[in-house]
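According to TrEMBL, the feature heme c 1 binding site maps to B:Cys69, B:Cys72, B:His73. Marked as heme c 2 binding site by TrEMBL: B:Cys163, B:Cys166, B:His167. Residues or ranges marked as domain 'Cytochrome c' in TrEMBL: B:56-135, B:150-228. Under the heading transmembrane segment, TrEMBL lists B:248-267.
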Amino acid sequence: MSTSTATRPETSVEKKSGGFTAAASNYLDERTSISAVVKEFGRKVFPDHWSFLLGEVALYSFVVILLSGTFLTFFFQASMAEVHYDGSYVPLKGVEMSAAMASTLDISFDIRGGLLMRQIHHWAALLFVASIGLHMMRIFFTGAFRKPRELNWVIGFVLFILAMAEGFTGYSLPDDLLSGNGLRIIDGMIKGIPLVGTWISFLLFGGEFPGTAIVGRLYTLHILLLPALVLLFIALHLVFVVVHKHTQFSGPGKTQQNVVGYPVLPVYAAKAGGFFFIVFGVIVLLATFFTINPIWNYGPYDPSPVSAGTQPDWYIGFADGALRLIPPHLEFVLFDRTWSFNILIPLGALGLFIVLAMIYPFIEAWVTGDKREHHILDRPRNAATRTAIGAAGLTFYAGLWAAASSDIIATHFKLTMEGVIHALQFVVIAGPFIAYFITKRICLALQKKDREIVLHGYESGRIIRLPGGEYIEKHEPIDEYQRWKLVSYHDYKPLMIRPNSRGKISVGQRARAALSRWFFEDRIAPPTRGEIEASHHHEDHVEIESSHQNH
Amino acid sequence: MFRTSRKPRAGRKTGRRSPLASVSLIALGLLLSGGAYALVSSSTAVADTSSTATQATVEEGEKLFQANCATCHGLDLEGSDDGPSLIGVGSAAVDFQVGTGRMPLQAHAPQAPVKPVQFTDDQVNALAQYVASIAPGPSIPEDQYLDAEGDAARGAELFRVNCAMCHNVAGAGGALTEGKYAPALTGVTPSHIYEAMLTGPQNMPVFNDANLTPEDKRDIITALKFQENSTSVGGHPLGALGPVAEGLFLWIAGMGIIVALTVWITARSN
């Protein structure tokens, strides 16, 4: 913002003195040459679409997290030293707990504004991960990860994982009963890894769980290492956004070579700056009116009690759900070791899911053989197979996610726990296939509708009665701006199997051709210019014919 | 008689017992054995201290029992294929099951749900006294343990160790197997909480007085009532269900507002 005031007098400085602002900006510019930067960035253009702001929401909530988190570090003690609580919350008075828990209670009850700050921090964290998730969905379903942005997808995905790690380490810091239960589950998962699990667990906790070291260690990760990594990757992410320029939806005048939208200065700087405060405001309102993580209800951590209805924050829910859905009796003893496949299968499945999602841009690029740059976004329906894959992945994730609340679903909808678990097992295993087929068919149907509208116009609602008694509805042709949106997409065809230079068809080639066929077998070709013209000619013809009949 | 015999023996002090001794010994023995019996059986015996336990109420209770309960529990409380024997369950169990509306059972289900109470307080009491009159069992707790003015901090700790694994650490309830559940503990009267601990209704284990002393039970009730009656300092508690409710609220309300605002910001003014 300050830079925008710095440039404006730049051009007018020769004409007349612009007063203090001009003098100050000239002073700055002569010493920093900042005008070149402002000129470059001030003229950067961003296209306007609501879904392009989701990444900004994530960025802004991260800023809110940094600000509120800094406040919390002033008062939080990351120590597991035993103390007897002596604050103003009566039902915990005199209870033995760690200094971490006691200081969190002090922040909540005895430090002015502390509870609000805690709740701002926690709600902002939930919003941070949620907006990252929504942002990723937008990127995926519009194909914004295609060349040249594949690496930025991976960077964004790393940010998503870092955000979950930030969330989990923060969730565990107060050392309350709920987070302690969560930590115990993580400990169990680590110990379930064959050979190295127990060693890693003892290394992490500094001995047997829970030990006296874990809160301090998580604190270091939470406020030092992870935020630094998040900042680094955000910087990289944004550098790539600047380098690649922003994508845009297709429209008249929008090409692969340009970006149509508003410049950063003054429009986007004002919009984005204002939007920061809007996001901040929403978070503060949430924190003011809605409780989050009332640790005083949970009490201090003690390894013996485990509360019913213990769940992690929403973004770890899918992992918790995987553990709940895995059938029992999958562990056995072999070679004097316990092999806990009830833990290894969920770990493996989740790891595979995450890796596949992370490298999806490369998989799709290989399958389609598309090496062109893409700056125009796909409408989800026009990439039917990708949209269907995305829907399948989301169903898988959502099934696991819902499973993390299986007990609450059971009690609140008066169902049996086993029924909920079995239904969600079905959703997780069969659901993705069902979602895939339904989504793909919906996409193709929508494409057909688009083609129909382009070739035969939209239904105008005007019913005409012909002299013969027949009723027809008049179709009106759509205007060219709308038609552009409906026809401007690529038509992909399955790759042909071709022998390589030695005249052989490799296994890789065959696999690729098969995948490509699966990807593009069912497709609706966009109407060609010839078809559109022919249809118009046909319509004119019909028009003449009908008017002829009327006479 | 005592007076006449005392006078001639007044001079002899040694060797002979006072005639009062035997009387006082018997009295003492009776007192001790009675007291010990009362002490030993205080957790199980019916404390027929309440003045309501008259023969009339017992008879009224018997009639109510025969009309409303005997189909399943048998005319002599012996039980049947449809319901357990009630011999020895005591007045506490009857007061809890009937007083919360769980009994009479409406339908066979994994668990008897709370429903509107079918009897007046007097009728519930009559039923309880009748069942207690057949065989001794845990009795309705005394008011001194129900005042919810014990040690809340200690009660909360006992609750976390003994109760939270089913009822949730905030007393919000939780799921059990096969459609059974541990109900939420808000809005339950102190006497029903006490009776539930004492008798272990449905899937709940019994927390007898050796396990949790009446004083412990009083502290637990104190903690529960404190939590129920204290205002939620952090704002709306969202059902006190923990991260699931918070996550759901964030995705629906929080993200909903944010997305609406992004649409507003990028809307083109016409």
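Note: Cβ is positioned from N, Cα and C throughout, glycine not excepted.
Worth saying up front: this structure is predicted, and the values here are computed from it rather than measured.
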Positions on the same chain near the transmembrane segment (B:248-267), where near means CB under 8 A and six or more residues out: 238
Listed binding-site residues (B:Cys69, B:His73, B:Cys163, B:Cys166, B:His167) that sit near chain A [CB under 8 A]: B:Cys166, B:His167
Cα separation, B:Cys166 (heme c 2 binding site) to B:Cys72 (heme c 1 binding site) (Å, whole number): 29
B:Cys166 (heme c 2 binding site) and B:His73 (heme c 1 binding site), Cα-Cα, nearest whole angstrom: 28
Cα-Cα distance linking B:Cys163 (heme c 2 binding site) and B:Cys69 (heme c 1 binding site), given in Å to the nearest integer: 30
Any further residue of that chain within 8 Å (Cβ to the Cβ centroid of B:Cys69, B:Cys72, B:His73) of the recorded heme c 1 site: B:Phe65, B:Asn68, B:Ala70, B:Thr71, B:Gly74, B:Gly79, B:Ser80, B:Asp82, B:Gly83, B:Leu86, B:Met103, B:Pro104
Set of same-chain residues at least 6 away whose C-beta sits under 8 angstroms from B:His167 (heme c 2 binding site): B:Phe159, B:Gly173, B:Gly174, B:Ala182, B:Pro183, B:Ala184, B:Leu185
Overall pLDDT of the domain 'Cytochrome c' (B:56-135), taken as the mean: 88
Local Cβ density at B:Cys163 (heme c 2 binding site) - other Cβ atoms counted within 10 Å: 26
Sparsest Cβ surroundings (other CB atoms within 10 Å) among the binding-site residues B:Cys69, B:Cys72, B:Cys166: B:Cys72
Per-state residue totals over the domain 'Cytochrome c' (B:150-228) - DSSP helix, strand, coil: 43 helix, 4 strand, 32 coil
Number of Cβ atoms other than its own within 10 Å, given for B:His73 (heme c 1 binding site): 23
